[in-house]
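Worksheet: one structure, shown below.
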């Protein structure tokens, strides 16, 4: 890639975004952008400007001030803020983390508020109030109160259990301990009791409890090594270093206790790698930056102990600022259910109003003139109609059954346990089971459209493995024996001959081992010697074993590989490095380290061997190495072909080369190097220029190929999810080349994919935006043309975009204020109006641009966003939710994924190497990415199918039950007289019809789990809402209406002219109620049997058991004995024995049930025969598909050959390595030496260079 780009005007500045830079847009202020200055300015001017800006900042705002060892300082009035009414508290947060929803005080009101947001719960509360009015109620008030309380209590208990689990988890964190200065001594203190300004001591392998300023450590110059896996997903170590003054004076406990420095810094924000502030101590002000700050969530490594002062605590820490807000998540079906409840309520009001009008008319025509109907109340017909309206509301209330929500919660709870118990989602290696951390979102797992995934630790293991290499025309790493012959049964290489081998490298090429040991080809040994000497890795041999700490896992893998192959890096000092070469230790003088950066894409070392020979060793990306090779390199073309082959295998490559340097050449170059090293301005540019002079005419030695190992099953999982029409977007902080390489590895990208980059789509989106602005109001077809696709159909496209381009395209980039002479005049009304209009126009343009971007991105088969911040990850998810109205899932394993996880409809955390921060904020968690396919395609799809079937049947059975009252009212003066016995009404939804539908909601499945995974296309029905929507709802309504008509009118017709066997006519109201109720119980339970796809003994028992239970309870409550005990409550004495001994009534029941079910059976048969669904076809051809399954293989991953961009994912870290640290000697454990002793004979050259510069 060329460093110079075509100049074109962007939205707010002339330079295009830098793909290598992580944008700092999260909390960037206008003032920060204002203060950006040119790189070149006089030193004194810079000092004056910085001090003036510091004073101006303090005048403008008191900012964030922290006084060490002085808790009372932070309680002063100027640091108080009003929280509620007149209650004030310190603006400095406590260190306890609280992301749970409730506490003992807020639980009851908040939970009740959440529950009564559900329309049905609120509806039954109103109904309960109505039932307390005796003039209108026909049912006792307790028939509503008891079920309502039951619903509220069960739901509250479930929510309480969920929240208590969160409390326990955070209590475990909050109750961790560390040492804090109290009363002049370090004392063990819980994390939750740490305050801003406290001095704390942390030991090796401790987590950092808050954001702290490093004061001193056990390492030289108070270096401190930290692992930031929970913050940015990188497992390689980073180093922090304290101020020299605190390192010198703050080593002892009493000095810590007396420390009273004042820290003035920026307010809490979410920028993980940026910090500005000052330390005022002993009347001297010292600048602070991010290199001196240890962030909460970091882990202390390779440092015995360190001390620091707390700057940000608890919710103010950067890790918590990146976590986003805890959101109340509800499923799409939940929202749909609410709207359907509103629909039913409107339907209920219309029915009740119609009956009220009919009752009014009936009272006027018949009721008033019938003396035997007089009830002692002289109400007018309209008033009686008004009372009847409310009576009908109460009688017909079971159209919105309160047991619906209880049953839904029970089903969701059961589905959650099935996920927890699934052994096929258990990760034995880390003893991690799948965990449903919420019980309210299961069916939404079956409706996912977009998955947003992190890369490091989510798709990959973040473990680099040395796989192959190319040396002197030979590729090593295949399955070969010692003679170089291919092996059919490969055996692992034996490294027992090497005392320094770590025993962890898996390698199968015995021939390479033989070549190294025999030494027949010196290039082979030279290759691994280069890997052992050309790096910035630091070694820790304190525990008897070599432990490497690298700036990137790639570099660590290469040095470890050299160690296993006989060239072990043992130790280093400021200017020497010691290596064991095949068991012989040799020490080399390191004359210069030419470190890596994102522009150079290479690193070099200049070393002098014990014989005095000087040689440069270099490793880097092939794109930059090939430009610097000597014209006569015989293996150039062979190496390029090997690189192409490695690229096809998705391996990360580096080219290795060297160059012999004469003493005179080195002396001349070193003089320039020393001058550039002490340059007061543009030092990096000067050094890069000097590096270029010596890194040329290189001799190519070979190439390495290491694997950024994917987690098991990632390509297969992504392939299956793609077949389920789920689009996967990767959102990562890694550089573009790395992310693109992983895209090919996991088969998001293939050789047929046309890749679009940020610079490609920027002009396309800008043109579309301009056209849209020009078309507004121009013609009728403008909106149609504005929605036309961005790309031609038929080609597979992918989008790869960096965070900087994302800000540029979405107009999120902050604009710099132009410093102009501003004369303040009163603004006119017209100016104010213009300003408002301009602001609205800019917001509208920004919204349109964001919509265009989402439309364009969604036309691509896959999207990879790299170098993005945590806030940008959440923003991308929010944009897709907003403009596509699609169900989203976010999956990650680090703290930088928390905001994204909370923003998506469903958040999944992976219990990986990066800590538990993502898991604690997730809705579901498991140990490996591959389990996502089972979570969605099996559990998610089953949960969706079961919930939809449950809801359809539940609405049907209640319409069928309730509307019998409506038909009955036509024959009783349109009154609110019930058609059934009161006890049947009470127990219908509780006992007689609840268990079969509950078990279907828990256990039913259309196809097995294996077939669900075998045919991902089955998942599409959930994405398209095919199984439960308003159409299905109205089908259930009509089905219920028809059933209720049959249940009422067939018994009614049978009872018109009926004579029993004993000559008595059983056509009384009570016998009719029993007949209708019995017909209903048979019909709805058998209907559930027809809808059941997966029969078990439990299902059969529930259906026939419910019918048996109905008859058992009915005969009991119709017995004379219970009537004697409770005469007013049980009035149907002897009705059931009398009515059901009549064969005529049994024939009536059989006829009613047959008329209800036979059309359904016929329709199901026709549907499966003529219009079979996908699952019907699969069920029919199960044996055929099982045979074909053996032949099915996932598609092969193929790379585009010969394109150098494919190899640009070179194995280097994202930032500079430890070269500066090594060269400075700050990591060497010894006393400080004077400058003359450090530089030796080079001191005169440095002074000379300084004078000339």
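For all residues, glycine too, the Cβ spot is worked out from N, Cα and C.
Summarising the annotation, TrEMBL assigns active site, 4-aspartylphosphate intermediate to 454.
Marked as ATP binding site by TrEMBL: 454, 455, 456, 555, 596, 619, 652, 732, 733, 734, 867, 873, 896, 897. For residue 867 (ATP binding site), the count of additional Cβ atoms within 10 Å of its Cβ stands at 26 [all protein chains shown].
Residues annotated as Mg(2+) binding site in TrEMBL: 454, 456, 893, 897. In the structure as shown, the Cβ atom of residue 456 (ATP binding site) sits within 10 Å of 29 other Cβ atoms.
What TrEMBL lists as compositional bias 'Acidic residues' is 25-34.
Across the domain 'P-type ATPase N-terminal' (69-145), the model assigns an average pLDDT of 79. Here TrEMBL flags 69-145 as domain 'P-type ATPase N-terminal'.
According to TrEMBL, the domain 'P-type ATPase A' annotation covers 174-236. Under DSSP, residues within the domain 'P-type ATPase A' (174-236) fall into helix, strand and coil as 11 helix, 30 strand, 22 coil.
As annotated by TrEMBL, domain 'P-type ATPase C-terminal' applies to 919-1173.
Positions annotated as transmembrane segment by TrEMBL: 142-161 (among others).
Long-range contacts of the transmembrane segment (339-362) within the same chain: residues 119-120, 123, 381-382, 384-386, 388-390, 392-393, 396-397, 399-400, 955, 966, 969-970, 973-976, 1030, 1033, each at least 6 residues beyond the stretch ends and with a Cβ under 8 Å from a Cβ of the stretch. TrEMBL lists 339-362 (among others) with the feature transmembrane segment.
Summarising the annotation, TrEMBL assigns transmembrane segment to 387-408 (among others). Non-local neighbours of the transmembrane segment (387-408) in the same chain are 118, 120-121, 123-124, 127, 130-131, 133, 135-139, 144, 147-148, 150-151, 154-155, 337, 341, 344-345, 347-349, 351-353, 355-356, 359-360, 379, 947, 950-951, 954, 958-959, 961-963, 965-966, 969, 974-976, 978, 985, 988-990, 994, 997-998, 1001; each lies 6+ residues outside the stretch with a CB under 8 Å from one of its CB atoms.
Long-range contacts of the transmembrane segment (950-971) within its own chain (CB-CB distance under 8 A, at least 6 residues past either end) are made by residues 333, 337, 340, 351, 355, 358, 392, 395-396, 398-399, 401, 404, 407-408, 411, 977-980, 988-989, 993, 997-998, 1000-1001, 1027-1028, 1032-1033, 1035-1037, 1039-1041, 1043-1045, 1047-1049, 1052, 1076, 1080, 1083-1084, 1087-1088, 1091. The transmembrane segment annotation in TrEMBL covers 950-971 (among others).
If you look up TrEMBL, you'll see 983-1003 (among others) marked as transmembrane segment.
The transmembrane segment annotation in TrEMBL covers 1033-1052 (among others).
Sequence-distant contacts of the transmembrane segment (1072-1090) (same chain, six or more residues past either end, CB-CB distance under 8 Å): 953, 956-957, 960-961, 964, 979-981, 984, 992-993, 996-997, 1000, 1043, 1046-1048, 1050-1052, 1054-1055, 1099, 1103, 1106-1107, 1110-1111, 1114, 1132, 1135-1136, 1139-1140, 1145, 1148-1149, 1152-1153, 1156-1157, 1160-1161, 1164. Residues or ranges marked as transmembrane segment in TrEMBL: 1072-1090 (among others).
Below 8 angstroms of C-beta separation, residues 981, 983-984, 987, 991-996, 998-1000, 1003, 1074, 1077-1078, 1081-1082, 1085-1086, 1088-1089, 1130-1137 of the same chain, each at least six residues beyond the ends of the transmembrane segment (1097-1124), sit close to that stretch. Per TrEMBL, transmembrane segment is recorded for 1097-1124 (among others).
What TrEMBL lists as transmembrane segment is 1144-1171 (among others). Sequence-distant contacts of the transmembrane segment (1144-1171) (same chain, at least 6 residues past either end, Cβ-Cβ under 8 Å): 1042-1043, 1046-1047, 1050-1051, 1054, 1058, 1060, 1066, 1071, 1075, 1078-1079, 1082-1083, 1086-1087, 1090.
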Counts of helix, strand and coil residues, the domain 'P-type ATPase N-terminal' (69-145), according to DSSP: 35 helix, 9 strand, 33 coil
Maximal Cα-Cα distance (Å) across residues annotated as binding ATP, namely 454, 455, 456, 555, 596, 619, 652, 732, 733, 734, 867, 873, 896, 897: 33
Among 893, 897 [binding-site residues], residue with fewest other Cβ within 10 Å: 893
Cα-nearest neighbour of residue 596 (ATP binding site) within the listed recorded positions, 454, 893, 897: 454
Surrounding residues of the transmembrane segment (1033-1052) on its own chain - C-beta under 8 Å, 6+ positions past either end: 340, 343, 952-953, 955-964, 966-968, 971, 979, 1072, 1075-1076, 1079-1080, 1083-1084, 1087, 1148, 1151-1152, 1155-1156
Cβ packing number for residue 652 (ATP binding site), 10 Å threshold: 26
Rounded to the nearest Å - Cα separation of residue 893 (Mg(2+) binding site) and residue 867 (ATP binding site): 17
Those recorded positions of 454, 652, 867 having Cα within 10 angstroms of residue 897 (Mg(2+) binding site): 454
